[in-house]
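For reference, Swiss-Prot has these:
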type	residues	note
MOD_RES	Y646	phosphotyrosine
MOD_RES	S731	phosphoserine
MOD_RES	T732	phosphothreonine
MOD_RES	Y745	phosphotyrosine
REPEAT	415-438	repeat 'LRR 1'
SIGNAL	1-24	signal peptide
TOPO_DOM	25-517	topological domain 'Extracellular'
Amino acid sequence: MAMLKSLSSILFTSFALLFFLVHAQDQSGFISIDCGIPDDSSYNDETTGIKYVSDSAFVDSGTTKRIAAQFQSSGFDRHLLNVRSFPQSKRSCYDVPTPRGKGFKYLIRTRFMYGNYDDLGRVPEFDLYLGVNFWDSVKLDDATTILNKEIITIPLLDNVQVCVVDKNAGTPFLSVLEIRLLLNTTYETPYDALTLLRRLDYSKTGKLPSRYKDDIYDRIWTPRIVSSEYKILNTSLTVDQFLNNGYQPASTVMSTAETARNESLYLTLSFRPPDPNAKFYVYMHFAEIEVLKSNQTREFSIWLNEDVISPSFKLRYLLTDTFVTPDPVSGITINFSLLQPPGEFVLPPIINALEVYQVNEFLQIPTHPQDVDAMRKIKATYRVKKNWQGDPCVPVDYSWEGIDCIQSDNTTNPRVVSLNISFSELRGQIDPAFSNLTSIRKLDLSGNTLTGEIPAFLANLPNLTELNVEGNKLTGIVPQRLHERSKNGSLSLRFGRNPDLCLSDSCSNTKKKNKNGYIIPLVVVGIIVVLLTALALFRRFKKKQQRGTLGERNGPLKTAKRYFKYSEVVNITNNFERVIGKGGFGKVYHGVINGEQVAVKVLSEESAQGYKEFRAEVDLLMRVHHTNLTSLVGYCNEINHMVLIYEYMANENLGDYLAGKRSFILSWEERLKISLDAAQGLEYLHNGCKPPIVHRDVKPTNILLNEKLQAKMADFGLSRSFSVEGSGQISTVVAGSIGYLDPEYYSTRQMNEKSDVYSLGVVLLEVITGQPAIASSKTEKVHISDHVRSILANGDIRGIVDQRLRERYDVGSAWKMSEIALACTEHTSAQRPTMSQVVMELKQIVYGIVTDQENYDDSTKMLTVNLDTEMVPRAR
């Protein structure tokens, strides 16, 4: 009976394995994603036959790029020719459903090849996370290094999240993401995951790596370079064709083996771990591939350092046997010895293949699954335009914008306790998903376009103490239970600015009053409308007088830029649906032209910027073209409708980042590059235009950032040309912004290119410090240049650098940047550098370029800064 049970168990296991292998061969357990190829596209790899699909369905951020042309014809696999990079966020995540869901074991592999896709020639470094837990660091040697990172784990959820995390050493990217279903009975350990350290095929020199279809799990086997001390055995027969071993190394891998050339009694396998304290599991795969005589055998003992861990291991002909270290191993150097026992007919040890995995213990506990599901539903329902990727709460440094979480102890899942998605362009009804946030205390949905009634389930959230739904389009009656909780003080309820929403005890009275007393209000409203119409006509008439009669007030100007009718502008902006910016000129709206996003600047009737400034901006943008100046797509010039259409800048303006209005914190490297971009744009205005142009309103909010965080100068309505033959001065009424205005202007009432230099210097100081141009206290207002000078006089560079950087910056470049900024903000223009000199100095910081200074006068080779003494900051 026992023998029958054993036979039954073997047959069941064999059939299960056979079923699994059949499915592995048809790729039903594979997910293969080529990052960066066009949306919804796919193809079959020419070598492996694996079907790769676009990553567009698995990620909602990032920029797709193709590697540099010089590498595209170098024989690299097709799936390495494109990448998706992530310049905008600290953490960016793929969310991928696993082939069989949770509870099954998977091999998850990411592949990276830089290929100079961004034309920067700087190989980035960044971190890789699986969900909330650190996986590994990504470090590439050069542009053509192909790096594979693999991890084996059993997910707790149906989806896995693979995240790249920026650590201020270049922009993270991903080339390939692959998931492979494994047997749960393989790679068994008591730990959360195993990270691949190496996987070796003891084979012939020059052999290519083996993978699918040779390997049913699509593991990539790297050929080992064999030294002269060893020799290679091989066979042309298939190894393990009867599916003897669940690990199933590729037959092409197992058909070769390594042994000592002098038929030594032992074979030594050694490796030096990158971390001597880390724990490793070692998997040795063996198969006899030589035909032995009847009296011959190949067996050996396996030793770890000085201890035997397998007293006798005997090989079988053309069948794979796998030895796994019973416990994890560690140390500075790990030595395995395969030792042949004495005997005339015992052959020396061999090895066919080897895998080494590092133990990965998941120390971070993810957000409670109920909260995760709720937040994902909210994100999907409202298409929230925030950086909501990965786990909502963990790691704390990368938690979702607008949420706060709490974790009662180190063994429980964090819970969402506060959610602020006010002014987030939410539309539709309040979704039932909010009812699953059972730990939430504060919920702010104000400033959106939510419709329908306030759902009663909000009153049942047991921990809710603050609810704000102001400024929506909600209708009906506030639920009685919410009203009662508001009255008894257990809930702070705000629901104003919803015209069709009322409390239960006031609605009937309001309706009665509206029915019986509508005549008088209608009369009053009619009178008000007439008065307002008359006032508007009068103001419009006065505005026309102020703007003058410059001839071309209606219709196209003399420019090659595209002219749009106002009706077209209405369509481009979808009836001015989405405001993306505001200023003294009016509002900026989001628009789309032929599928491309644009920014639509509409001059309001009340704007201080009149037709003169509008015409100046069109004229200037018509003749300037530079990568660091915003480009004009088109314009509209109809009576009462003046519109400028620019290229769309996805990351808005520098001012928002410095003021902390965006959750993303600019790294030191990004700040340096943005500063250089802005300086290059201004340098082009000063030296690349004939006649030269002074911007006159340089400030952070006029420095726009595209999806790559490339900076471009904007807002040229106040710009003016100046003469280089004459004094180079512009006599002008006041222009510019307080804090950025050239101090000489107050005495001379004139501005020149050095005025832009001063303004840029103030911007550079803001970039360094993260502080505003003017800091106000109860007793005084201090300009940022005076504040920085006073601190640097004591040699304290760390005292001025933005604390949000947490000292993740180069001290030397911080000193140099400060020197440049203070030189630019000298009170006397003659002591300031030219914009060309500023660009030269910034390039030295950003690129480490040693520039040729022979074209500059000796007196301007060094930017000096006048502090309280004549000291120049050099304490680096």
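Placement of Cβ uses the backbone N, Cα and C atoms for every residue, glycine included.
Rounded to the nearest whole angstrom, the C-alpha distance between Y745 (phosphotyrosine) and Y646 (phosphotyrosine) is 31. Under the DSSP three-state reduction, Y745 (phosphotyrosine) is assigned to helix. Shown for the repeat 'LRR 1' (415-438): DSSP residue counts in helix, strand and coil, namely 5 helix, 8 strand, 11 coil. A 10 Å cutoff on Cβ-Cβ distances gives Y646 (phosphotyrosine) a total of 21 other Cβ atoms nearby, all chains included. In the predicted model, the repeat 'LRR 1' (415-438) shows an average pLDDT of 95.
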